[in-house]
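A quick write-up on the structure given underneath.
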C-alpha cells in the first residue's frame with residue numbers, strides 16, 4: 001500500500017481541500033456519508049487505488065486520509081455542517097479560537113504553536129494507520145497568516161519527524177492584481193524562505209491566472225472562490241490520479257520530484273491544464289490529444305501568470321487522463337518539440353515524461369466546467385517562473401524600504417533580521433533560476 005496524507009492549512013487550504021475531496025468522492029463512487037453508491041461493491045480505481053487516499057472502516061465506510069487545520073473556526077465549521085460532514089473523521093478537523101490576522105509571525109510563533117502538538121499527534125495517529133506511507137500533500141496559501149505561518153511551521157516539523165517521506169505542496173500564490181491583504185509580499189517571502197529546504201516539490205497556483213481562465217474559458221463574468229477552487233481541484237485530481245487509478249504509466253509521489261526537480265532549490269513546477277471549457281462550448285470542441293497538448297504550452301492555460309516563451313524548460317511531465325493512446329501522445333510531443341517556441345535547456349535534451357491514466361476526468365456536480373473524454377495536466381519546471389518571484393520581491397522591497405507594517409511581526413516575537421535573511425534567500429533563488437537557464441556550452445568558445 002502506498003498511502004498519502006493530505007493536510008489542508010488555513011482558509012484557502014481548507015476550501016480547496018473541500019473541492020478536492022468532493023471531486024475524489026465522485027471519482028471513486030463514494031457518497032457524501034462515506035458509503036458506496038448503489039450498485040458498486042468496490043470503489044472505482046481498483047483495490048490499491050482508492051486506499052492511497054481513503055481508509056476503510058469495519059462497517060464499509062470510507063474515510064479520507066485528510067487533516068483540516070485553521071486558527072479560526074469559521075471555515076472548519078462549514079465542513080462540520082456541510083454536505084460532506086459525515087465523510088470526515090471529527091478529530092481530523094482541528095480549529096483554533098483566534099485567527100492569525102494575516103500575520104506570518106502569529107501563525108508561526110505565537111498562535112500557531114499553541115495547536116501544533118494537537119496537529120502532530122493527529123498526523124502521527126494517521127500515519128500509524130498506513131502500511132507504507134508515501135508522503136504528504138500540503139495545500140495552503142502563501143499570502144495569508146495561517147497558511148504561511150502555520151503551514152511553514154508544520155512543514156518544518158514534518159521534515160524532522162518524517163525526513164524520508166515526500167512532501168508536495170499546492171501553494172496559492174498572491175495574484176499580481178487581485179490582492180486580499182496588504183502584507184501578502186511579507187508573508188510570501190517569509191514562508192518561501194522557511195519551506196524552501198523542507199518541501200520537495202511546490203506546485204504554485206495564482207488566483208489571477210485562474211480568474212482569467214474562468215472568465216475566458218468558462219464564461220463566468222464574476223468568478224467566485226468556489227469556481228476557482230473547482231478548477232484547482234481538477235488540477236490536483238489530475239496530479240494525484242496516477243496514484244489513485246490504474247494506468248499504463250504510473251507515477252508515484254517520489255517520481256514527481258525525480259523527474260521534475262534537477263536541483264533541490266529549483267522545485268517550483270509550472271502547472272497547466274487542458275481542456276477547460278463550459279458546457280455550452282463542449283459540443284463544439286474536437287479535444288484531440290494533439291490539441292490539448294498544444295493548449296498546455298499556451299500562457300492562457302497556466303495556473304501562474306508568467307510567459308513560458310521567455311524561459312527554458314528543464315523538465316516536463318505530461319499527465320494524461322481518459323481515452324488516450326500512447327501513439328497519439330508520442331505524435332503530439334514530437335509536434336511540440338519541433339516548434340521553436342518550446343526551448344529546452346541544453347543540459348537536459350530529453351525533457352518529457354509521460355503518464356497515462358485510463359480513468360476519464362469527472363466534473364464536480366453543479367460546476368461550470370464541462371466533463372471531457374480526455375484531459376492533460378502539464379507540470380513543467382521552467383525558468384519563466386522566476387518572473388513570479390521577481391514580482392513579489394519588488395513589492396516586498398517597496399514596503400520594507402519604509403519598514404511598513406514590520407512592527408506587527410516584531411511584536412509577535414519575530415526578529416527584524418529574519419526579513420533580510422528571507423529576502424536574501426529569495427534573491428539567491430532568482431539567481432539560481434538565471435544560472436540554470438544559461439547554456440552550459442556557449443557557442444563562441446571553440447578553444448581546445
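For all residues, glycine too, the Cβ spot is worked out from N, Cα and C.
Listed by Swiss-Prot as binding GTP are 11, 72, 141, 145, 146, 180, 229; the candidate from 207, 254 that the record includes in that site is 207. Residue 141 (GTP binding site) carries a strand DSSP state (E or B).
Secondary structure at residue 207 (GTP binding site), taken from DSSP and collapsed to helix, strand or coil, is helix.
In the three-state DSSP scheme, residue 72 (GTP binding site) falls into the coil class. The secondary structure of residue 146 (GTP binding site), as reduced to three states from DSSP, is helical. Recorded residues residue 11 (GTP binding site) and residue 255 (active site) have their alpha carbons 30 Å apart, per Cα-Cα distance. Following the DSSP three-state reduction, the secondary structure of residue 255 (active site) is helix.
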